[in-house]
Amino acid sequence: MSTPFKMERGVKYRDAAKTSIIPVKNIDPNQDLLKKPEWMKIKLPASSAKIESIKNGMRRHGLHSVCEEASCPNLHECFNHGTATFMILGAICTRRCPFCDVAHGKPLPPDPEEPQKLAETIQDMKLKYVVITSVDRDDLPDRGAGHFSECVKAVRELNPNIKIEILVPDFRGRVTQALEKLKDNPPDVFNHNLENVPRLYKEIRPGADYGWSLKLLREFKEMFPNIPTKSGLMVGLGETNEEILQVMQDLRDNGVTMLTLGQYLQPSRHHLPVARYVPPTEFDEFRDKANEMGFEHAACGPFVRSSYHADLQASGGLVK
């Protein structure tokens, strides 16, 4: 009889240790993988000085970026431009989504000094637009919403002219309570990712619920009708184009005005494999459909991620 897997608090579990406890066993690390097409190859910048500067600044203040923790393919480009997406509430997620490279485990309690550290780091970096996201914190009574609110408050106090976008989890089972905490310090853009299509949620987003996510986006929009709401999707996980179009329509029906759509990339052999690589022309077609549906801004392209050039997205610029 095998010994049950026991996690230690504060320890990051990745790759096989993470995926071994996912309910749906659908990952074979030895399977053949699709060859990456030419359009998915990234040219790295010649200099890494700016990249190291941002990494060192994060370490100095004990902060995390989702760019590093989730192994984002755009890290070099964004860091080289002096931008980063800050990840609050630690670097250990209570969920274990098999598409995501963020570590799973039992997280430590929130750092009460993190809001001030975040505000000071943003001030040091002289940012005009910032994205703040977090891991899922299903272990907290408010799922981390109060900490989000405190971070927004601290950042605004020290950086009065900044624009703030928050990319939030689904606040599992606590949507109403979470929004009550967020309403005291609302962002300039409210972002929550649906990720993919409801048919694949059990496989892709164990612990999440498509209806909860739509409810969160809808109720925030009802509370703050003048604040843009935004959501992101990945393609290449086994969905059909028709299913993606239906999700896009569901987003519009729930008041979402900004969309990001990008190619899923497998972080390691212990994550879900890429089912197909979507060519750039199809992303252009998705963007055209999004415009027809009434999205005010749609960033669609192979390397587009939820916070990729978020400042340009918010100002209405073309991102692809």
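Heads up, residue numbers simply count up from 1 along the chain you see.
Keep in mind that glycine also has a Cβ here, set from the backbone N, Cα and C atoms.
Straight from Swiss-Prot, the features:
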type    : residues                    : note
BINDING : Cys67, Cys72, Cys78, Ser307 : [4Fe-4S] cluster 1 binding site
DOMAIN  : 79-296                      : domain 'Radical SAM core'
BINDING : Cys93, Cys97, Cys100        : [4Fe-4S] cluster 2 binding site
For Cys97 ([4Fe-4S] cluster 2 binding site), which residues in the same chain are close in space, meaning a Cβ under 8 Å from its Cβ, but six or more apart along the sequence? Ile204, Arg205, Pro206, Gly207, Ala208
So which other residues, same chain and not among Cys93, Cys97, Cys100, have a Cβ within 8 Å of the centroid of the Cβ atoms at the [4Fe-4S] cluster 2 site? Arg95, Arg96, Phe99, Asp101, Val102, His104, Val135, Asp136
So what's the mean pLDDT when you look at the domain 'Radical SAM core' (79-296)? 95
Cβ neighbour count (within 10 Å, all chains shown) around Cys72 ([4Fe-4S] cluster 1 binding site): 24
Tell me which of the binding-site residues Cys93, Cys100 sits in the most Cβ-dense spot, judged by other Cβ atoms within 10 Å. Cys93
Where Cys93 ([4Fe-4S] cluster 2 binding site) sits in the secondary structure, as DSSP reduces it to three classes: strand
Hey, what's the Cβ neighbour count for Ser307 ([4Fe-4S] cluster 1 binding site) at 10 Å? 26
The correct three-state DSSP answer for Ser307 ([4Fe-4S] cluster 1 binding site) is coil
Can you give me the Cα-Cα distance between Cys93 ([4Fe-4S] cluster 2 binding site) and Cys72 ([4Fe-4S] cluster 1 binding site) in Å, rounded to a whole number? 16
